[in-house]
Amino acid sequence: MGRPGYITVPILSVLAAIGYVYYTTVFLAIPAWLGLSTAAGLANATVFTALAAACVATYAVAVSRDPGRVPASFVPDVEDAGSPIHEIKRKGGDLRYCQKCSHYKPPRAHHCRVCKRCVLRMDHHCIWINNCVGHENYKIFLVFVLYAVIASVYSMVLIIGGAVHLPKDEEPGSDSSRTSIIVCGVLLFPLALALMVLLGWHVYLILHNKTTIEYHEGVRATWLAEKAGNIYHHPYNLGVYENLVSVLGPNMLCWLCPISRNIGNGVRFRTSYDIPLSTSPM
C-alpha cells in the first residue's frame, strides 16, 4: 500500500479502467451501433467524452485534495456554550486525545493508520484514491462516484447496443471488435453494480449526516442504549434537508457541482441540540 500523495497500482488500475471503457465505448460500440459519422453517434460520443472527462477530473481532485488536517492550535473549549457536545473516550470519559499526533481530536475526527495522522470528519481510507475521505474531499469523492455511476450505466447501454448491431462476418475485424465489446461489458457490469451500491450507501449516510465510522459506532451505541433501556439518537442528524446542506452546501444548484466546496471548517459541527435548529450552518 502506497503512502498518501503517491501514485499507486490501484490508482493506475482505475485510470486504466476508465481508458479501456472509454475506448471500447467510443471507438467500438458507438461506431458499430450508430456510426461516428452520424449525428446520433457524434452526439453520444461527445456526451460520453464529457462524462469521462468529468470522471477523470473529479477523481484527480479526490486523489490530490487533502481530506482535512487538525489545526495545531485546536483545543476543545468545554466552557463554550455554543458547543453543547464534546466527544469523549469510551473508557475514562476524558476528552479525546491522539497520543500519536499529540493533540486533541475535534468532533468526528479520527486517526488514520495509513495516513499516520488525524483526519477531520473522517469517513474511511480508500485504497482506490490512496487517500482518506474526510471533511475537505468528501463532496468531490461523492460527485466522482455519481459521475462514475452515470458513465457506467451509459456505457453499458451503448455497449449492449453495439454488441447487438455488430455485423456478422461481413467486415474484417468484426470478430475482434465483438470480443472486445463483450469483454468490456462483462467487466463493466459488476463494476457498475458496485459503484451503484457505493453511491447508495453514501446517499444513506448523507441523509442521516453520518460517516461510515459513525454508522458502525452508532450500531454499538444503539445496542448499548437499548440494553440500558434508553434510546440512542445520532447527535449530528439535523433532518434530511439540513443534513444535505451540511454536506453539499447551502446552494441546491451547486450540490452536484464539482468545483463548489463544502461548508464549515471541519472542527465544529451543528448538532440536534443546537438552538435554534432553523439557523443556517456556519
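Counting begins at 1 with the first residue displayed.
Using the three backbone atoms N, Cα and C, a Cβ is placed for every residue, glycine included.
So that you can see what the record holds, here are the features copied from TrEMBL:
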type: DOMAIN; residues: 94-216; note: domain 'Palmitoyltransferase DHHC'
type: TRANSMEM; residues: 12-34; note: transmembrane segment
type: TRANSMEM; residues: 40-62; note: transmembrane segment
type: TRANSMEM; residues: 140-160; note: transmembrane segment
type: TRANSMEM; residues: 180-207; note: transmembrane segment
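For the domain 'Palmitoyltransferase DHHC' (94-216), the DSSP counts in helix, strand and coil order read 67 helix, 17 strand, 39 coil. Sequence-distant contacts of the transmembrane segment (40-62) (same chain, at least 6 residues past either end, Cβ-Cβ under 8 Å): 14-15, 18, 21-22, 25-26, 30-31, 33-34, 129, 131, 133, 137, 140-141, 143-144, 147-148, 150-151, 154-155, 158, 258.
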